[in-house]
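Engineer: As annotated by Swiss-Prot, domain 'HTH rrf2-type' applies to 2-133. Annotation source Swiss-Prot lists DNA-binding region at 28-51, citing sequence analysis. The [2Fe-2S] cluster binding site annotation in Swiss-Prot covers Cys92, Cys100, Cys106 and is backed by sequence analysis.
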Amino acid sequence: MKLTNYTDYSLRVLIFLAAERPGELSNIKQIAETYSISKNHLMKVIYRLGQLGYVETIRGRGGGIRLGMDPEDINIGEVVRKTEDDFNIVECFDANKNLCVISPVCGLKHVLNEALLAYLAVLDKYTLRDLVKNKEDIMKLLKMKE
């Protein structure tokens, strides 16, 4: 399964913020430049992450963004479910768009659904804290100050 850029960017933002010193504010420009991501795309991602409570945004001079909750409380499977807009990995997953003639008797849909559930179950085992256990290495690659 391929994640959308939106979900990929969401996870990257969370990793970036988790690698920062606790309470430290970051900004969209800094994250966009670090990952070579469009600021416009990133603003949409951060807005949604804020709505979900994963990030806290502080407006005004001296403002920025930081994690809105402890990395231990941010479940990766949950983030993926809330940021992916389509888990219909084949046509027959969507009853409104399914034109496949063998769909009523085909076993593929059930196998793929089982695989999708297993994929999400693995992601459910991990938190953001698990993804930044090597925080010092991440900080070096992101060129952050320790």
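Glycine too: its Cβ is placed from the backbone N, Cα and C atoms.
Show me how these features fit into the shown structure, please.
Structural biologist: Looking only at the domain 'HTH rrf2-type' (2-133), the predicted model's pLDDT averages out at 92.
Sorting the DNA-binding region (28-51) by DSSP state (H, G, I as helix; E, B as strand; all else coil) yields 21 helix, 0 strand, 3 coil.
In sequence order, Cys92, Cys100 are the residues near Cys106 ([2Fe-2S] cluster binding site), counting only same-chain partners six or more apart with C-beta under 8 A.
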Engineer: Taking the centroid of the Cβ atoms of Cys92, Cys100, Cys106 ([2Fe-2S] cluster site), which other same-chain residues have Cβ within 8 Å of it?
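Structural biologist: So the extra residues in range turn out to be Val90, Glu91, Asn98, Val101, Ile102, Ser103, Pro104, Leu108, Lys109.
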Engineer: Using a 10 Å radius around its CB, how many other CB atoms surround Cys100 ([2Fe-2S] cluster binding site)?
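Structural biologist: Step by step: centre on the Cβ of Cys100 ([2Fe-2S] cluster binding site), count other Cβ atoms within 10 Å, giving 13.
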Engineer: How would DSSP class Cys106 ([2Fe-2S] cluster binding site) in three states?
Structural biologist: coil
